[in-house]
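Contents: one structure, followed by commentary.
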Amino acid sequence: QTQLLGVLLAAASNFLISVSLNIQKCAHRRLVCQAEQEPYYTSKLWWCGIVLLGLGEVGNFTAYGFAPIALVAPLGCVSVIGSAFISVFFLKKTMRTADILGGTLTITGIYLLVTFAPNVPQELTARQVQDYLVSWPFLVYSILEIIIFCILLYFYKRKAVKHIVVLLMMVALLASLTVIAVKAVSSMIALSVKGKMQLTYSVFYIMIVLMAASCAFQIKFLNQAMHLYEATAVVPINFVFFTTSATISGVIFYREFQSPALLNVFMFLFGCLLSFLGVIIIARNKKEEHLQIPFIDCGQIPGQKLTGKIQPDSHSSCYGTPNKEDDSVKRQS
């Protein structure tokens, strides 16, 4: 019952996030089309999208307290397929065959994930979190993660390597710490609400700091990737990396796959694979949409003719200097 609640909460939250993103984009479109440009934060529609986004993130946060990380993290694909279908209504986009195929694969993957996900107790106390933090599997995992992250950071900072894989691998490594901390904080708050106070333990506040710090750096590198590359490339790769990293961290830290049947593990991994393929198919060959930016027409500039040459041809030898023909005309006049 508790795990099912977490699944429903995660799915609904990610659907809300997809709705909110489409509402915000619709609001930006309307503002661009207006004769008098107004700041986006004056739009009621934009604020409606922000409120839905906040509710979705809070719902996702709460879902980690009721269901395993290995189940909640892959459900992020709901926002991807939701956005693909909702954009047809909000943004009047055309439904593609790839969207239908990708959505079918993703929904099938979600069904397998939910059916064959690990069924573990979700009451997580502060003492359990403390024990997990000093367990040798997590210590080994943390050391390996720190080494890999430092290597990637070295190439990013010293060698100026800003490849999409490097950036999103750093995002995924940080995300693994984020989901560990989010699940611990969410679970301890849930237990405290039920009357089993957990907020007096120092590990609760340690996890809050870890959650905030890893999330902040994660956003930094993700924004860098979004700035350098198209969203159609960033979204599927980030989803695959994030889901893989989060699932591994849940298995190692919270021991979510302690003694499952081999068939359950295989079907769960197969469900993940179908979700990955579905998201990649939806994002593949999807055209990036750029909002039109108002520009000044040369015909509106006093004294400037429409046929006036603002800059000489870049292929000519006089690029960046006045044309010789113009000089000769001036001398004749």
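Cβ coordinates come from backbone N, Cα and C, glycine included.
Not measured: the values here are computed from a predicted model.
What TrEMBL records for 323-333 is compositional bias 'Basic and acidic residues'.
Positions annotated as region 'Disordered' by TrEMBL: 307-333.
Taken from TrEMBL, the feature transmembrane segment covers 6-24 (among others).
Sequence annotations record features per position, and here TrEMBL assigns transmembrane segment to 45-63 (among others). Remote same-chain partners of the transmembrane segment (45-63), defined as residues 6 or more beyond its termini with a Cβ less than 8 Å from a stretch Cβ, comprise 6-7, 9-10, 12-17, 19-24, 26-28, 30, 72, 75, 182, 186, 190.
For 69-91 (among others), the entry in TrEMBL reads transmembrane segment.
The list of residues near the transmembrane segment (98-118) in space but at least 6 beyond its ends in sequence, with Cβ under 8 angstroms from a Cβ of it, reads 3, 7, 11, 67-68, 70-71, 74-75, 77-78, 80-81, 84-85, 256-258, 260, 263-265, 267-268, 270-282, 284-286. What TrEMBL records for 98-118 (among others) is transmembrane segment.
Per TrEMBL, the feature transmembrane segment maps to 138-156 (among others). Same-chain neighbours of the transmembrane segment (138-156): 132, 162, 166-167, 169-170, 173-174, 176-177, 248-249, 252-253, counting only residues six or more beyond its ends whose CB sits under 8 Å from a CB of the stretch.
Summarising the annotation, TrEMBL assigns transmembrane segment to 163-182 (among others). For the transmembrane segment (163-182), the residues of the chain that approach it from at least six positions outside its boundaries are 61, 64, 69, 72-73, 145, 148-149, 152-153, 155-156, 207-208, 210-211, 214-215, 217-218, 221-222, 224-225, 228-229, 233-234, 237-238, 241-242, 244-246, 248-250, 253-254, judged by C-beta separation under 8 angstroms.
Residues or ranges marked as transmembrane segment in TrEMBL: 202-222 (among others).
Here TrEMBL flags 234-255 (among others) as transmembrane segment.
Residues annotated as transmembrane segment in TrEMBL: 261-283 (among others).
Of the ranges 6-24, 69-91, 202-222, 234-255, the one with the most Cβ pairs under 8 Å to the transmembrane segment (261-283) is 234-255. If you look at the transmembrane segment (69-91), the same-chain residues 6 or more away from its ends with a CB under 8 A from one of its CBs are 3, 6-7, 10-11, 14-15, 17-19, 21-23, 25-26, 29, 60, 63, 99, 102-103, 106-107, 109-110, 113-114, 117-118, 179-180, 183, 235-236, 239, 242-243, 246-247, 249-251, 254, 256-257, 268, 271-272, 275, 278-279, 282-283. Packing against the transmembrane segment (6-24) from elsewhere in the chain are residues 45-46, 48-53, 55-60, 62-67, 71-72, 75-80, 82-83, 86-87, 90-91, 110, 114, 122: each is 6 or more residues past its ends and has a CB under 8 Å from a CB in it.
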